[in-house]
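K.L.:
Dropping a structure here in structure tokens format, bear with me for questions.
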Amino acid sequence: MSTERDSETTFDEESQPNDEVVPYSDDETEDELEDQGSTVEPEQNRVNREAEKKRETFRKDCTWQVKANDRKFHEQPHFMNTKFFCIKESKYASNAIKTYKYNGFTFLPMNLFEQFKRAANFYFLILLILQAIPQISTLAWYTTLVPLLLVLGITAIKDLVDDVARHKMDKEINNRTCEVIKDGRFKIIKWKDIQVGDVIRLKKNDFIPADILLLSSSEPNSLCYVETAELDGETNLKFKMALEITDQYLQIEDNLATFDGFIECEEPNNRLDKFTGTLFWKNQSFPLDADKILLRGCVIRNTDVCHGLVIFAGADTKIMKNSGKTRFKRTKIDYLMNYMVYTIFIVLILVSAGLAIGHAYWEAQVGNYSWYLYDGENATPSYRGFLNFWGYIIVLNTMVPISLYVSVEVIRLGQSHFINWDLQMYYAEKDTPAKARTTTLNEQLGQIHYIFSDKTGTLTQNIMTFKKCCINGTIYGDHRDASQHSHSKIELVDFSWNTFADGKLAFYDHYLIEQIQSGKEPEVRQFFFLLSICHTVMVDRIDGQINYQAASPDEGALVNAARNFGFAFLARTQNTITVSELGSERTYNVLAILDFNSDRKRMSIIVRTPEGSIRLYCKGADTVIYERLHRMNPTKQETQDALDIFASETLRTLCLCYKEIEEKEFTEWNNKFMAASVASSNRDEALDKVYEEIEKDLILLGATAIEDKLQDGVPETISKLAKADIKIWVLTGDKKETAENIGFACELLTEDTTICYGEDINSLLHTRMENQRNRGGVSAKFAPPVYEPFFPPGENRALIITGSWLNEILLEKKTKRSKILKLKFPRTEEERRMRSQSRRRLEEKKEQRQKNFVDLACECSAVICCRVTPKQKAMVVDLVKRYKKAITLAIGDGANDVNMIKTAHIGVGISGQEGMQAVMSSDYSFAQFRYLQRLLLVHGRWSYIRMCKFLRYFFYKNFAFTLVHFWYSFFNGYSAQTAYEDWFITLYNVLYSSLPVLLMGLLDQDVSDKLSLRFPGLYVVGQRDLLFNYKRFFVSLLHGVLTSMVLFFIPLGAYLQTVGQDGEAPSDYQSFAVTVASALVITVNFQIGLDTSYWTFVNAFSIFGSIALYFGIMFDFHSAGIHVLFPSAFQFTGTASNALRQPYIWLTIILTVAVCLLPVVAIRFLSMTIWPSESDKIQKHRKRLKAEEQWKRRQSVFRRGVSSRRSAYAFSHQRGYADLISSGRSIRKKRSPLDAIIADGTAEYRRTVES
């Protein structure tokens, strides 16, 4: 017979781990024994048991060993790792940090190496090498070197400045001092000399030099307060608590010097809120968790002195582990721009090859027979053609713009500053400006298709107020009519009878106060007592007043409510908690705290009363609480009805319950609890299992209801974004009914919206899968690509789905593995093949079902996913990214939104009440959801339009410049001779045409910000990629080709058979080059003037200044003086003055410019007249629209002030805090439909643009 231990063990190497999400499988128990009672081969049992013992002996989680006050212990040979060949170093890092990248010797080679890893820079380096070969190059070396040095120099200077700053910062930090036990006494040493195992002393306002275990503190109850602003951006204080035994014995220097504790813990990692370890001391073991660890970068506050043991130092600390490279996000335009550069490169190769073939043919037909062209070498025509191929690669290299990427980064940097400087996105109440935390994604803000938003703190204010409650089936908090109770009044409840009341709670139900004071219903007092004792809040006193420090607004609201109703939490230690119960102080022994996590969705505390009885108090989500209630709870239905009512009013709810525990039961359970607490591996899973054993047969007390108001401007913002064809999905931890009512409150849902729930979706997807399978044969994957809509066109549909249904629909539900012993038998090839095919079919089915779900959801006008975890939020975002190829934006304010924010193309953080984790992980941040409309509809749209105009013009001007060489090659024997002076080629992209296009990319705007917000339909140009795509690219290419033809052939025709004023023919090569170059500079600068929609003095100055700069430099470079100094570099002596004094040369230039620009002007006029865009129509009427905006102020159609609908209590998803969720039925309230409002706005917009 197999033992119980064996029956719980799986040895199948292909089995999935318990916590992994796997699809449904029909062969889940393929290798399991059918009969548990069958006799198992003894040898196999023995092998399995030995393998299990071996696996237990090897501790994967806790392999980091630290011994206090013993540096030699950490220098043992088995702690040394081989770094390079025979060079070894200790696995324990020193505490010196090194964030800089270069030093005085390595800066130049390393920086150049990093820069030449970029394809564009390496390409131009190859060109520079080719230009050094005389047989190939017809261009001077400086034509490529000067632009390349400019690009490399700017980047190198930026990198040098950054690295010098890092050097200074590292030196400053490493040279900070700290007190460390050395030779039995505290001595002051530098941070860089601290080592793992050292015992250190820290004082108030000291920075923590390493990750340390808190040993003792001068504060009562071994508390230590820290500020974690450098870790997570939060300025509110957090508390840490030492072990009672270390705090008791390690207060004086002598005891600290002789402390010889031994720690086994997890290896260094980047999880800031997780730590697992065990302290072995005095023949006892003590569990360690994150609450006992002080992390490097934090600051000691409100604590005079504390002592700690260094566990991780330097590069091993958690803050350094988190300083690695973040995932680099790139925009859609980035990818498209790279593909276009590749296209240009291919065109360059093809054109160069064609011209090289032409040169080989010309050499064979003409060159070999022309004695005056003999160069002394008897090379074959094909060899000369081969050399000329590389010559044309050099001459035409400006088709691939070297300054493109630098210019793009400059424009993005400027656009980011405009976002930072926007006062209309500044929240004065909290002094919080908008912040562009990345500079590479601005134009993508103008292409968003889907917004994924958290609810609590994002759509709502996350300022919690206790409003109602249900106790023993009775609802309290509503106004009570005088007929119901003679003493009830409508005015606010007076809490002056309570000395601990804070005077801030607005409550109207006087009957609840009477119930508390009379004590007629013990459950009422028990209800508020539970709120005062079951929490993780800390208390301190400021000017004699109690001040609570809660990690979440929810927790603070509940504890404050209990305080106002007479049950004030006063103090806590590691083992006790003191509460004032209607003026009488009582202290309870805390026996265990059963912490919160996102899977448990509840928190419990076990206390011993002064009378000696043991009780468990629990609060959490109704879904998990109701599963654990005793079957004889008489008020279950009444409380459920109350939860429904609270949910309909969008109040955040949670359930409260308790149970009596017998001494024997607790003793048995506590032994398991202590064993799980010191488990070396899988500690969290072991604790959760132990928690489940005690949290059952609970007695329901009631439910709380907390108000969380909508933020200002949320409905208006959502309406405008909807008009911009942006779909909004709300992903929240709230229950279905609460989330639905929030949807109505923020106008995401309307009364004529048809809502589909999980059952409906599952049925639709099942039908679609069957149809696809029938059409496609064996697998839906091979179904014909015919898209059929799920709903009839024109229907207003919304989708509301819970996390459990999401797993069900997407085949992501966890499967429970059987506890039957699996034996590992060899499989035949046929069995492996069948198993592989089965898995492949499951993956295909899963993939097709996911795609169908995304198609269905994207047909809906709104999607609300409720009861979802942080992992599910990220999964939903990823599904839309994967199957719709749409640009996504995720916005949230809490730690549970970080994964979603990082997954989306654009992440936006709200700096709210839940700390700064979301902000620090985001690409953009601000304080209010309503600023999102300005970020997208103004800054995003402007950035997209500017970048598109910049890229189109940049490619155009480079093609117009470069292809003149192409036309010239037909007249010079395809000899790779340039059409311009070398210095003009060098400075064209650097000085003559760079500033105007940069300013257009920074300042241009088609319509004002007010009109952009007034007409959100303008936003669709970015969503549809209308302004920059391959079609636009080839139009710009064709425009450049035609411009180059005009620039070459008109001057060529003008120079043929002409005579100057002096009777001589000026048709020399140098005069021709000056004429073409002058016409080119004027044309491309005037062209950008035609492309500019928003004129400023700066734009005008840059255009005319660039032309003036060209002529000034040209006359200087063509002067005799500079030729005398540098005769080989400046060979166009006198060309400019001689050529440009001829009137017909100016006439030629003017004619060339006119022929280039007049067709553009004509096409623009016809386009705006016959096929005007939406922005063209608005520009045409902007004066009238501006007058209307000024004189006809319309009243907003949206309600302002406090909304009657409120938010519900959502998941916290943070370890250590109770999970607060609501449940109930949705009770819709009749409202004026939003469609009418939108229709009015749309009609006005159409009337405006059509008139």
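The backbone N, Cα and C atoms fix where each Cβ goes, glycine too.
Quick caveat, the model's predicted, so the values are computed rather than measured.
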K.L.:
Looking at Swiss-Prot, is ALA1054 on the same side of the membrane as GLU114?
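P.N.:
Each on a different face of the membrane, per the record.
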K.L.:
Looking at phosphoserine as annotated by Swiss-Prot, pick the matching residue from SER382, SER1008, SER1223.
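P.N.:
Among SER382, SER1008, SER1223, the one Swiss-Prot marks as phosphoserine is SER1223.
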K.L.:
Taking contact to mean 3 or more CB pairs closer than 8 A (sequence separation of 6 or more), are the transmembrane segment (983-1003) and the transmembrane segment (340-360) in contact?
P.N.:
no
K.L.:
Return the average pLDDT for the topological domain 'Exoplasmic loop' (1054-1071) as a whole number.
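P.N.:
The average pLDDT of the model in the topological domain 'Exoplasmic loop' (1054-1071) works out to 69.
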K.L.:
At a Cβ cut-off of 8 Å, and with pairs 6 or more apart in sequence only, do we get at least 3 pairs between the transmembrane segment (1143-1163) and the transmembrane segment (1033-1053), yes or no?
P.N.:
yes
K.L.:
Of the binding-site residues PHE596, ARG652, ARG867, ASN896, which sits closest to ASP454 (active site, 4-aspartylphosphate intermediate) by Cα distance?
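P.N.:
Checking each of PHE596, ARG652, ARG867, ASN896 against ASP454 (active site, 4-aspartylphosphate intermediate), the shortest Cα distance is to ASN896.
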K.L.:
Using DSSP, break the topological domain 'Cytoplasmic' (1004-1032) down into helix, strand and coil residues and give each count.
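P.N.:
Within the topological domain 'Cytoplasmic' (1004-1032) the tally stands at 17 helix, 0 strand, 12 coil.
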K.L.:
Give the helix, strand or coil assignment DSSP yields for ARG867 (ATP binding site).
P.N.:
coil
K.L.:
Indicate whether ASN896 (ATP binding site) is helix, strand or coil by DSSP.
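P.N.:
Once the DSSP labels are grouped into three classes, ASN896 (ATP binding site) ends up as helix.
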K.L.:
Under the DSSP assignment, what numbers of helix, strand and coil residues are found in the topological domain 'Exoplasmic loop' (1116-1142)?
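P.N.:
Per-class counts: 13 helix, 0 strand, 14 coil.
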K.L.:
Under an 8 Å Cβ to Cβ limit, what residues of the same chain, 6 or more beyond the ends of the transmembrane segment (1072-1092), are close to it?
P.N.:
949, 953, 956-957, 960-961, 964, 979-981, 984, 988, 992-993, 996-997, 1000, 1004, 1043, 1047-1048, 1050-1052, 1054-1055, 1099, 1103-1104, 1106-1107, 1110-1111, 1114, 1132, 1135-1136, 1139-1140, 1145, 1148-1149, 1152-1153, 1156-1157, 1160-1161, 1164
K.L.:
Which residues of the chain, 6 or more past the ends of the transmembrane segment (953-973), have a CB below 8 A from one of its CBs?
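P.N.:
The answer is 340, 344, 351, 355, 358-359, 362-363, 366-367, 392, 395-396, 398-399, 401, 404, 407, 979-980, 988-989, 993, 997, 1000, 1033, 1036-1037, 1039-1041, 1043-1045, 1047-1049, 1052, 1076, 1080, 1083-1084, 1087-1088, 1091.
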K.L.:
Would you identify the secondary structure of GLY733 (ATP binding site) according to DSSP, in three states?
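P.N.:
Looking at the DSSP assignment, GLY733 (ATP binding site) belongs to neither helix nor strand, so coil.
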K.L.:
By DSSP assignment, list the helix, strand and coil residue numbers for the topological domain 'Exoplasmic loop' (974-982), in that order.
P.N.:
1 helix, 0 strand, 8 coil
K.L.:
Tell me whether ARG652 (ATP binding site) sits in a helix, a strand or coil according to DSSP.
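P.N.:
The three-state answer is strand.
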